[in-house]
Amino acid sequence: SISILKNIYVLFQQLTGVLDDCLCDIESIDDFNTFKIFPKIQKLQERDYFRYYKVNLKRPCPFWADDGHCSIKDCHVEPCPESKIPVGIKAGSSNKYSKVANNSKELEDCEQANKLGAVNSTLSNQSKEAFIDWARYDDSQDHFCELDDERSPDAQYVDLLLNPERYTGYKGPSAWRVWNSIYEENCFKPRSVYRPLNPLAPSRGESFYTWLEGLCLEKRVFYKLISGLHASINLHLCANYLLEETWGKPRWGPNVKEFTRRFDPVETKGEGPRRLKNLYFLYLIELRALSKVAPYFERSVVDLYTGNGHEDAESKALLLDIFRDTKSFHMHFDEKSMFAGDKKGAKSLKEEFRLHFKNISRIMDCVGCDKCRLWGKLQTQGLGTALKILFSEKEIQSLPENSPSKGFQLTRQEIVALVNAFGR
């Protein structure tokens, strides 16, 4: 209706100017993303290396009794059948690989997907040993996420293109419980300060923002990242909504009314524009991480290996092209302004920051809808990987050119999560 369109116009009028806590304006981000980044990142996500993600959707919720899984059919995630996975992947060893499977021209999608973790047989023995060393190296102190055990029998490969993020009908107390736990217990917030539009508490939005502005930069950043992640997920649910289902044939598309309900300034008592600005802030953080991690991938020893040499070379070339674009952006977030106080206090705050985020990644195992859990876990791991990169600048800069290093490393899961989270 005309009134809805007017409200959306008002909303986007409010989405302008410089973002808080950084020297970047929204218009510059929009132009940069629209004309440089988005077309390329979209192509990258469609490539075999980035379209398959290994995830355990059966991990129990560690914080409360399971509410039961969503029974709506659109909540279901279709994994790759076990019978389609090559023996080299099933063996669980990164340097065991079937050459017969590698050379076959008639591989099905899932067979191609599960070659991704294998080590390229053209690598030197020294490099192979180094990769094995990686598997033994415990870098849990660098992780901002609770990682799935890829060796678990419950961990399965999922084709992200066949299981898109969209509205499944999952809502109500179970979904609210997840987000309330994230905000109320993990965003450095005292219980006496109420988050705006928390359905379980009276609305005291202004006192919340007075409290938020009084926090140190690091804790404000933390809240904005979580709010931005929440906004991203909600936006994709509105953009890919089940509009109707006739004769068993669903029709998906944008739901403008749902969008206004979640983001319109009037409907949300002024909260919607803040949420969307936090999404821009999240974009800046992940964009900065991509620009910082470029040297890791620019080395010849790093391959985006699927077994298809031509496609692998094209995928890496496209990724490096995206890195060149990220470096050209002239208004990056300055992560050096974070944790810059006295060394002891900064170290303690950084560890608190990491543990809070790691706890949020564990809460994702409490999501009752499998498709929502899949995308929640992936985007949380992607953001966690971005944070890991931003706090590992020295290690990245000191990486050797022709061999892997223990100082800094990314698993394939982290790489796939980082690219797809940023793509979201």
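Easy rule for this one: first residue shown is 1, then count along the chain.
Keep in mind that glycine also has a Cβ here, set from the backbone N, Cα and C atoms.
The feature active site, nucleophile is assigned by TrEMBL to C369.
Within 10 Å of the C-beta of C372 (active site) there are 24 other C-beta atoms, taking all protein chains into account. Residues annotated as active site in TrEMBL: C372.
In sequence order, R274, R275, N278 are the residues of the chain that are 6 or more apart from S227 (FAD binding site) and have a CB within less than 8 Å of its CB. Under the heading FAD binding site, TrEMBL lists R166, T168, W179, S227, H230, R262.
If you look up TrEMBL, you'll see C70-C75 (among others) marked as disulfide bond.
Neighbour list (C145 (disulfide bond), Cβ cut-off 8 Å, at least 6 residues apart, same chain): F357, K358, S361, T380, Q381, G384, T385. Per TrEMBL, the feature disulfide bond maps to C110-C145 (among others).
The annotation disulfide bond is assigned in TrEMBL to C369-C372 (among others).
Spacing of C369 (active site, nucleophile) relative to C70 (disulfide bond) is 5 Å (Cα to Cα, whole number). Among the record's FAD binders, R166, T168, W179, S227, H230, R262, no two C-alpha atoms are more than 21 Å apart, and one pair sits at exactly that spread. The two recorded residues, R166 (FAD binding site) and C372 (active site), show a Cα separation of 8 Å. Ranking the recorded positions C70, C75, C372 by the distance of their Cα atoms from the Cα of T168 (FAD binding site) places C75 first. The recorded positions shown are W179, H230, R262, C372; of these, the one with its CA atom nearest the CA of C70 (disulfide bond) is C372.
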